[in-house]
Amino acid sequence: QLGREHQGITLRGSAELVAEFFSYGINSILYQRGIYPPETFTRVQKYGLTLLVTTDPELANYLNNVTEQMKEWLYKCIVQRLVVVISSIDSSEVLERWQFDIECDKTAKDDNGPREKSQKAIQDEIRSVIRQITATVTFLPLLESACAFDLLIYTDKDLAVPEKWEESGPQFITNSEEVRLRSFTTTIHKVNTTVAYKKDSVP
Amino acid sequence: MAQFLFEADLHGLLKLDTPIPNAPPARWQRKAKESGPGPSPVGVSPMKPANRSYSSSKTPSKTPGKSGSKIQSTPTKAGGDRYIPNRSAMQMEMANFLLTKENDPAEESPTKKEQQKAWAVNLNGFDVEEAKILRLSGKPQNAPEGYQNNLKVLYSQKMTPGSSRKNSRYIPSMPDRILDAPEIRNDYYLNLIDWSSQNFLAVALDNSVYLWNHASGEIIQLLQMEHPDVYISSVSWIKEGNYLAVGTSSAEVQLWDIQQQKRLRNMTSHCARVGTLSWNSYILSSGARTGHIHHHDVRVAEHHVATLAGHTQEVCGLKWSLDGRYLASGGNDNLVNVWPCTQGGGGDFAPVQTFTQHQGAVKAVAWCPWQMNVLATGGGTSDRHIRIWNVCSGACLSTVDAHSQVCSILWSTNYKEFVSGHGFAQNQLVLWKYPTMTKVAELQGHTARILNLTMSPDGTTVASAAADETLRLWRCFEMDPIKKKEKEKANSAKSSIIHQSIR
């Protein structure tokens, strides 16, 4: 890990950083929004923060699959967006939608020299985004009913759909309010975060 | 926490979706018994949808041995029927669309295509030609039934019935006095009240500071900012109680003499508002919105003697330990830093400890008066926890979920307890016993979130300032008269403080 600091950012390294961010980011969302019981989360140190990750083996496995797949797709620069959809179990209504837009610099290939950006700067940016995700609990409307989450990934059209993945619709929220959070960039991949939530219907 | 489990149990009971305990077995149940324990209940009992928590992830699953579980979902809830018990994994709209879609019509004109494309982009949020959406099937099991989203518990918190525990002392549930605090700024990050050792309560109301004499009830307006847009962001009394430090939104730290009601110094070294101040004999530390902490030696002309850069966002909590060895700071970046009083080898100040466990801004920072090196911190809305630390080892001694934004913590000198001030939903003060961390009492009365707490010099009364524009004085640490006499005897043995004159 120490060597990375001096080497700058390679395409492979950038893909790993972004995939790792998604893993911790999704865990944070699941904890903060109360999708899973807080007792099933444990604290780890990452990015100079205390983050909560799930201890549930099935869920951890599921998220691992996604992270690994994301790493591959980020490396090939064919993924455009990752979306965490939170919907009510009973009514299947989408209540919240976390959208991570990925802008990939397609000119970056591993054979080019590594880009100049310090790990620390990227870590600081990621830390700001994760702190913002934590802070959103102050304004996001309460999720009244039990909720489930879904992960959608927007990829290039001609990608061969791997096993276990299926095509899906965008699962937008009807009548939503959107808030844009901070973005971070590794100079090869740029991630913009927005959260959309269902506007409370005025009685 | 017990009352939340109780509430969950009550909800479970009222939902009427568990099977009737003593009813005669239904026909399908009898059939199941006849056909033996081999096939899973899912297959044989068509009226029951699959236990959602266990089989929604994989099709068709056998749930071995799970039939003994207490929690069983009703047939009607899942929206399934006896042929397809669980439809949540299907996408009905997509399926419907694909089935009813007409075959592609003949070539359309290019403009129509453009139009269609524009519509598609608008509706889908992306260009369908360029991207497709994938979803990983095999979603992991959802939270087990009966799990109540803990945020719901936070927001629907009701008044808990009085504890049946007998308190060893009487704590009045009503405040001693209520003072008016009009125009007090409702800003979580400011520290607008402080109580001096001479029994004066300083209150900053927007751009003025008022002093209230607790003994006589007299009110004096000490100062008012000249510029209308500038407001006071923090106040702090020096230990002796004759000088008051005032931090402003224009990044100034002012020092006022109370006797003469005159400003002695105006120290400018910050670039953003000074939200928090703390004294350590002649050193005044100030925390600003930039995240920097400055040490000011108030005796000398070059007052700015040190800078501590440990926070990346506003410093809202700042407290020197009682022995003056450590300075604890809490910021909007969710960090707690513990700084030594002297510089390290390199001439730079570096924190001896940094605590990252809080998930929200840390404004409540307080040192334990009877145990060395013990620090209590409280987190804001995103965190709501109170944590006790040992700053030497860095260990978190205990944590408790206060279910509400923590704005301030004060340790009692009379009892082994501490009090915390809270916001939504009850705006209460909570007295906790240390180290058992049990609630001794909850003091309610404020109608909006509490912003600051401060303690009287005799340690019996806590003053709370809240966004409802009132100050309430709570006599919660009243000493037993016998114990009081003992304490007074002990105190009189100490030598008197030599007053230092400050230029």
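Heads up, the Cβ atoms here are built off N, Cα and C, so glycines get one too.
Look at TrEMBL and you will find B:15-83 tagged as region 'Disordered'.
According to TrEMBL, the feature compositional bias 'Low complexity' maps to B:35-46 (among others).
Taken from TrEMBL, the feature compositional bias 'Low complexity' applies to B:55-70 (among others).
The domain 'CDC20/Fizzy WD40' annotation in TrEMBL covers B:179-474.
Beyond the repeat 'WD' (B:232-266), the same-chain residues lying 6 or more positions past its ends with a Cβ under 8 Å from any Cβ of the stretch are 187, 190-198, 200, 202-204, 206-209, 211, 220, 222-223, 225, 272-279, 281, 284, 286, 288, 294, 296, 298, 303, 497, 499-500, 502-503. Annotation comment: TrEMBL describes B:232-266 (among others) as repeat 'WD'.
Taken from TrEMBL, the feature repeat 'WD' applies to B:308-339 (among others). Model confidence over the repeat 'WD' (B:308-339) is summarised by a mean pLDDT of 94.
Sequence-distant contacts of the repeat 'WD' (B:443-474) (same chain, at least 6 residues past either end, Cβ-Cβ under 8 Å): 159, 171-184, 186-188, 190-199, 201, 203, 214, 405, 407-410, 412-414, 419, 421-424, 426-431. The repeat 'WD' feature in TrEMBL is assigned to B:443-474 (among others).
Listed as Cβ neighbours of the repeat 'WD' (B:308-339) (distance under 8 Å, sequence separation of 6 or more from its ends, same chain) are residues 188-191, 275-281, 285-295, 349-356, 358-367, 369, 372-373, 375, 377, 379, 382-383, 389, 391.
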